[in-house]
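The transmembrane segment feature in TrEMBL is assigned to 33-54, 61-83, 95-114, 126-143, 155-177, 189-209, 229-251, 258-275, 281-302.
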Amino acid sequence: MIRPWMIGAIGAIGMALLLPVAPHSVATGWRAAFLTASAPIFGAVLMLMIARVVVTDWSPLAPLTLALPMILLFGLLILPAQFAAEVPDHLRLWASPWAIALRTLIAIAALWFAAARLRGGASRSFAAVALTLWTMLITYIAYDWMLGGDPGHPATAVGMMLTVEQVGGACAALLILGHGETKLRRDLSYLLIAAALGLSYMIFMDYLIKWYADLPSQVDWYLKRDHAMALLAAAGLCFGLFGPILALVFARGEQGRRIAGGSALFGLLLINLWWVAADWIAALAALFGLIWVGFWGQALGARRSGEQAHG
């Protein structure tokens with residue numbers, strides 16, 4: 001019998017085999033995998049903060065936050081990944097591997113603490129302060145996670161892009177799992193569409209502004225994502241935006257919402273492979289990374305459930 005940790009080990013070995021061939025591609029592939037895997041989890045924490053502030057019940061999202069320990073371990077791989085980045089001289093200190101790893105550790109640990117407090121019934125004041133701090137810091141974190149491999153590329157909306165990815169990821173995961181009441185899942189399916197529209201708009205406007213500004217140093221960043229890689233962008237738009245809309249229109253009810261959630265998460269993966277990973281070796285490394293963290297996370301979850309059942 002093949003166990004989940006064995007399949008996860010195959011993913012880890014796959015990334016390791018690609019590392020000597022193209023270390024920078026493996027590093028950016030890891031970023032795409034991390035962003036995709038962590039989006040539902042970080043988004044769940046963010047939405048629990050919002051729910052506590054506006055006094056509504058989004059508690060069915062809380063189980064997603066239990067995966068934070070696994071995501072913390074996966075996230076700390078940003079330290080070796082950052083050594084492969086080409087950092088401009090004026091960002092040597094800020095974008096150094098140790099600085100980015102420290103900020104990542106603090107950010108995920110803070111979300112872990114906030115999630116534990118929110119699951120335990122934290123006050124509105126705590127949620128409001130936590131939400132304010134996260135809003136202030138999200139742009140710096142987004143640059144580390146999304147653009148740390150190419151920190152010279154300016155993208156003023158990157159913080160909002162990461163926020164929308166996380167909110168949309170949390171909504172999609174909830175629809176797939178079927179947690180909560182029907183009304184909540186219906187409402188979050190509409191929020192999922194709004195998140196997909198927002199992410200599509202921000203990426204397109206970033207491209208449009210840089211293209212028409214005729215800035216060669218910035219346009220080259222998108223030229224690397226042209227030709228065959230552009231197919232990922234087109235597929236990401238189809239699965240991430242049009243797929244959920246069509247699913248909610250033509251496959252009504254619970255089935256439509258599950259299809260919408262699955263299509264949106266797949267679209268998010270494709271967009272991250274295009275916008276963050278940027279080449280096919282990186283995309284392959286990202287898929288290996290998702291296999292690794294996904295199946296090892298499943299194995300750890302099953303082990304924890306077994307320990308709770310016996311103890």
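Any Cβ shown, glycine's included, is placed from N, Cα and C.
These numbers come from a predicted model, not from an experiment.
Here the transmembrane segment (126-143) has long-range neighbours at 46, 48-50, 52-53, 103-104, 107, 110-111, 114, 117-118, 151, 158-159, 161-163, meaning same-chain residues at least 6 beyond its ends whose C-beta is under 8 angstroms from one of its own. Stretch with the most C-beta contacts under 8 angstroms to the transmembrane segment (155-177), considering only 33-54, 95-114, 189-209, 258-275: 33-54.
Within its own chain, the transmembrane segment (33-54) is flanked in space by residues 61-62, 64-65, 67-68, 71, 74-75, 77-78, 111, 114-115, 118-119, 122-124, 126-128, 130-131, 134, 145-146, 162-163, 165-173, 265, 268-269, 272, 276, 285-290, 293-294, which lie at least six positions past its ends and keep a Cβ under 8 Å from the stretch.
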